[in-house]
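Okay, structure first, notes after.
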């Protein structure tokens, strides 16, 4: 689950970096976004990394902010064999921390810093927020199912063998049973973190992308 989130975010990051690669070979990054010093202090990115990320962000989003439709459009290019719109919607909401309907560069880079270079606790908190669709502090089975189904929809024909319609629900039943320790029908942040920290595959996935930038 978490690995799919990281893959999607890293794909977007590489896309932004690729959009400025040729230009950076010809000239140094001169643009300094407002509040660069503050972002450098608040994230785990260097000034140069922030400048490069900002150039890529502005190339794709000249207005300086991304709305949900643009976010979906970008992700549809990554996953043309599937339908990424629902997963892009969930991911957009996770980046849109102030829930104003747009993701600024600051929103994007703060989330990216957590996902790529944050502590295990920070990454898991971010992932929990993604799965907690209605932001009530709990993950229900239906919320988890919505996210898992959106991931399978996004992957489309890339999944092999071809998935049966009931496969996402079966996977959710397994995940949820592992996480819902007290069997009260919801997963708390503590249950989520405890379960993930004891899963070797999840822990390994979180280390894969630490040096992507």
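Cβ from N, Cα, C; glycine included.
Automatic, uncurated: that is what TrEMBL annotation is.
TrEMBL annotations:
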type	residues	note
DOMAIN	83-118	domain 'EF-hand'
DOMAIN	119-154	domain 'EF-hand'
DOMAIN	167-202	domain 'EF-hand'
SIGNAL	1-22	signal peptide
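Here the domain 'EF-hand' (167-202) is broken down by DSSP into helix, strand and coil counts: 25 helix, 2 strand, 9 coil. If one looks beyond the domain 'EF-hand' (167-202) by at least 6 residues along the same chain, the residues whose Cβ comes under 8 Å of a Cβ in the stretch are 1-3, 120-121, 124-125, 127-128, 131, 137-141, 144-145, 148-149, 152.
In this model, the domain 'EF-hand' (167-202) carries an average pLDDT of 93. DSSP labels the residues of the domain 'EF-hand' (83-118) in these numbers: 24 helix, 3 strand, 9 coil. DSSP assignment over the domain 'EF-hand' (119-154) gives 26 helix, 2 strand, 8 coil.
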